[in-house]
Amino acid sequence: MAKSAYLGLKDFLLFVILCVLAFSSSVSARPATFLQDFRVTWSDSHIRQLDGGRAIQLVLDQNSGCGFASKYQYLFGRVSMKIKLVPGDSAGTVTAFYMNSDTASVRDELDFEFLGNRTGQPYTVQTNVYAHGKGDREQRINLWFDPAAEFHTYSIMWNHHHVVFYVDEIPIRVYKNNEAKGIPYPKFQPMGVYSTLWEADDWATRGGLEKIDWSKAPFYAYYKDFDIEGCPMPGPNNCASNANNWWEGAAYQALSPVEARRYRWVRMNHMIYDYCTDKSRYPVTPPECFAGI
């Protein structure tokens, strides 16, 4: 009888452990190899796995750029990667890291786009937010370091309260959920995680004035520490609405005082373009520009 009870308890504990592991896998995928979470979407000959798949190299030459995407879409969570951008004369190149709902007309999208430049000139990162099909919310910041010299971490936090873009854990942009004021917010459509390296010298560097120098090709960008923590879709029906998901916690519903100071420092010292202040495009300031952080 005692032995039977012991076996019953053992089986129950094993069941509990398996349930916990299953739940963890439904909301979390800590730094993984490339093929665990991603697939090549464009020109597999230009994406090379390094270090046993823990890192990859993206290649751009005159034949092609390349791209990859997550195997799943996610509804809320946090995604981050460490990226080392194209070094030297990178004018006309764009390295993009973004989330996209992959829907034709009413798309949601959260963009990092790294705009190359001439040697010695700063890299510019452009962010954009599409919500319910409406985008054109570009902001540009000159990075305060050389992003091609070593890896830096770029992250997107997305929960019911706000979207935050981070560079090395420093917030550079916040898009608040202000649906109560009639401002669209991406919360209904799951989004995949994407990245591309491509040529865009018709607009990327100084509005297209600086063209790509193909004599410097091939161009290389490097990625590692792929980290997606979110609710995969399809997945458990209650995952996205679960208030116990760590990214929905009180600490992540608004910037901390330290984060807010860092955010203001970036905006005051490194922002070079903000659609909110572009009167030629928006004579009436868009309402989300008054939302604050």
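Easy rule for this one: first residue shown is 1, then count along the chain.
Including glycine, each Cβ sits where the backbone N, Cα and C put it.
Here's what TrEMBL has on this protein:
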- 1-29: signal peptide (SIGNAL)
- 25-223: domain 'GH16' (DOMAIN)
- Glu109: active site, nucleophile (ACT_SITE)
- Glu113: active site, proton donor (ACT_SITE)
- Asn117: N-linked glycosylation site (CARBOHYD)
C-alpha spacing of Glu109 (active site, nucleophile) relative to Asn117 (N-linked glycosylation site), in angstrom: 25
Surrounding CB atoms that lie within 10 Å of the CB of the residue listed as 'active site, proton donor', all protein chains: 19
Overall pLDDT for the domain 'GH16' (25-223), taken as the rounded mean: 92
In the chain carrying Glu109 (active site, nucleophile), residues 6 or more apart in sequence that have Cβ under 8 angstroms from it: Tyr98, Met99, Asn100, Ser101, Asn128, Val129, Tyr130, Gly135, Met191
Number of Cβ atoms other than its own within 10 Å, given for Asn117 (N-linked glycosylation site): 21
